[in-house]
Amino acid sequence: MQSSTTNTTNNSNIFFSNYLNSLFQTPHRLRKRMLATWTPDQELNQVRQRSGADMKRKLKWYDLMALGIGGMLGVGVFVTTGEVTKEHSGPAVFISYTVAGIAALLSSLCYAEFSVQIPVAGGAFSYLRLTFGEYMGYFAGANILMEYVLSNAAVARTFTEYLSSAFGESPDAWRIGVGLMKGYNKLDFPAVALILLLTLCLCHSTKESSMLNLVMTVFHVVFFGFIIVAGFYNGSVDNLVKPNGLAPHGIRPIIDGAAIVYFGYIGYDSASTMAEEIQNPSKSLPIGIVGSVVITSVLYCLMSLSLCLMVPYYKIELKASFSKAFQSIGWKWAGNVVGAGASLGIVASLLVAMLGQARYLCVIGRARLVPSWLAKVHPSTGTPLNATLFLGLCTASIALFTDLDIVLEMISIGTLVVFYLVANALIYRRYVIIGNNPPSQILLFLFLLSLSAIGFSLSWKNKHHWWGLPLFGGSTLIIIALFQYMKVPCLAHQAAHSPAAWSVPYMPWPPALSIFLNVFLMTTLKKLSFQRFGIWTVLITLFYMLYGVHQTYQAEETEMISVDHDRDQVDANSSVQQTKLDNIQVMSVISQV
């Protein structure tokens, strides 16, 4: 017993000694690993093999489009429309959805090209790691995971509100009040039960989960059609213009609202994480990703318009707003139906989002930036079982306590930052990695473009600096036009438009405008959002410095030693074989003599 205790103590001392030694080497390892990149071939083969089994390619383009639509429908329109309409945009909330939809469409084009060229499950994490290096990929992946977990928890709580409305009860009727601080004092056990049930479903099979989502998405679109038709039939145009016009709070709150409702467009990112499970990725991925964003944008605009036609904006309820709207016009039965339908729509959205978040964590585990057991794919189900279970438990824990208002804007800023980085990465990859242009020229263009977008955004925010709007807006267009004029004839344009793979048309306009819009929407968020985002950035950077960089550095060193050993072994075997061959030849000559 004493010997066993002594061995354990010695092992612990060795572990801490090695770890402290690693910490002293942190600056050296950061220099070597932060900007380390992989090639698409390495990502598709060498890195993917770390999961053990492969994910099974069973999905087609319509599965992907249904996943994209299912992931978006319900997340935004049922969660954010009431708040944004009443407190920001007024009846012009459909304009907020239009602006957010344009920004999402531009970002989805960038995702589509990346997913075709690099069809792996890592989404933005993989795209940025291959383009800008390990840390930037990790930063994007950590933010996407934060956004998924928080948004799924918030959406699950909204499910409880609509489900209780379906039974004619108040939105908080099924929650239990406890003596905690405001915002964390209402326990939501139905939301927890829903998340755990979906987690078990996702552990079983991706194809069956996709079929369930396909059926629910078809129902959801029909259900949306009912709300739109009923709202337009029972509504009044007077509610759009009375008492204070279409934009009662002015133009600026409409744009502020666009940044908040952008939360509803994050589902197409989930679709891109299914790239390893898609048949014919070069065709299916662009159709599925871009098509789902276009369809969802149209439905969001019509849904928000129908809500404002039924009820004056200042009377719209913040919680379960669509159910309450039907009840206010005397259609109590329809309010109950809407509550039940919205609950099912939210289930579909959660299903897709939880599908995507597990694949993100799986690929981050493959890169060894988190414990590698999270990267394991179950050989029989073909799903990332450990990552699915781990994130399901995290989401359920947050859903138990946390109200929607606390996480909503933090979700938006994390999403906007990642989409901004992906647009930058697409331009850099197209013109530097593929086009062999000097990196300094492309980085200068990206810097000037971002600087101009920040100048325009700050001018918009500061009412006294209106002169900055035409100045910075015009300079943005000039910068993009000059870059296109100088760079279009280059190799990047020809290489990216080969018939073998789909690519973003009219480069560099779509990703450049995506950069501009993402920066602009970010600056409309509250100061508290940036403070929370700053704290999160510090935490994930510390984790990278204390864990991630050391794991990847040691793993790469081990692999290099293993490769060198195998090479030496091959050389030694070749030498032995050559010696044997020489001996045989000598013996043959002697025998002939």
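Think of each number as a place in line: the chain as shown, counted from 1.
Cβ atoms here come from the backbone N, Cα and C positions, even for glycine.
Per TrEMBL, domain 'Cationic amino acid transporter C-terminal' is recorded for 502-551.
For 61-80 (among others), the entry in TrEMBL reads transmembrane segment. Outside the transmembrane segment (61-80), and at least 6 residues removed from its termini, the chain residues within Cβ reach (under 8 Å) are 97, 151, 154-155, 158, 162, 210, 213-214, 216-218, 220-221, 224, 260-261, 263-268, 270-271, 274, 278, 280, 283-285, 287-289, 291-293, 295-296, 299-300, 303-304, 321-322, 342, 345-346, 348-349, 351-353, 355-356, 404, 408.
Annotation source TrEMBL lists transmembrane segment at 92-114 (among others). Outside the transmembrane segment (92-114), and at least 6 residues removed from its termini, the chain residues within Cβ reach (under 8 Å) are 76, 81, 84-85, 123-124, 127, 246-247, 254-255, 257-262, 264-265, 268-269, 272, 285-286, 289-290, 293-294, 296-297, 300-302, 304-305, 307-308, 313, 419, 422-423, 425-426, 429, 496, 502-504, 510-511, 513-514, 517-518, 521.
Summarising the annotation, TrEMBL assigns transmembrane segment to 135-155 (among others). Residues of the same chain lying 6 or more positions beyond the ends of the transmembrane segment (135-155) and with a Cβ under 8 Å from any Cβ of it are 33-35, 74-75, 79, 122-129, 191, 195, 263, 266, 269, 346, 349-350, 353-354, 356-357, 360-361, 363-364, 367, 369, 391, 394-396, 398-399, 402-404, 407-408, 410-411, 414-415, 417-418, 421-422, 536-537, 540-541, 543-544, 548-549.
The transmembrane segment feature in TrEMBL is assigned to 187-204 (among others).
Sequence-distant contacts of the transmembrane segment (211-230) (same chain, at least 6 residues past either end, Cβ-Cβ under 8 Å): 62-63, 66-67, 69-70, 73-74, 201, 299, 302-303, 306, 322, 326, 331, 334, 337-338, 341, 344-345, 347-348, 351-352. The transmembrane segment feature in TrEMBL is assigned to 211-230 (among others).
As annotated by TrEMBL, transmembrane segment applies to 289-313 (among others).
Feature annotation from TrEMBL assigns transmembrane segment to 333-356 (among others).
Annotation source TrEMBL lists transmembrane segment at 406-428 (among others).
Per TrEMBL, the feature transmembrane segment maps to 440-460 (among others). With a cut-off of 8 Å between Cβ atoms, the residues of this chain six or more beyond the transmembrane segment (440-460) that come close are 252, 255, 424, 427-428, 431-432, 466-469, 471-473, 475-476, 479-480, 483, 512, 515-516, 519-520, 522-524.
According to TrEMBL, the feature transmembrane segment maps to 466-488 (among others).
As annotated by TrEMBL, transmembrane segment applies to 500-521 (among others).
Same-chain residues lying 6+ beyond the ends of the transmembrane segment (533-550) with a Cβ under 8 Å from its Cβ atoms: 19, 22-23, 26, 29-30, 33-34, 134-135, 138-139, 142-143, 146, 368-370, 410, 413-414, 417. Taken from TrEMBL, the feature transmembrane segment applies to 533-550 (among others).
Sequence-distant contacts of the transmembrane segment (500-521) (same chain, six or more residues past either end, CB-CB distance under 8 Å): 99-100, 102-103, 106-107, 109-110, 112-113, 116-117, 255, 258-259, 262, 282-283, 285-286, 412, 416-417, 419-420, 423-424, 426-427, 430-431, 446, 449-450, 452-454, 456-457, 460, 476, 480, 483-484, 487-488, 492-493. Using the rule of three or more Cβ pairs under 8 Å, pairs at least 6 apart in sequence, the transmembrane segment (187-204) is not in contact with the transmembrane segment (466-488). Secondary structure by DSSP for the domain 'Cationic amino acid transporter C-terminal' (502-551): 40 helix, 0 strand, 10 coil. Per-residue confidence over the domain 'Cationic amino acid transporter C-terminal' (502-551) averages out at a pLDDT of 89.
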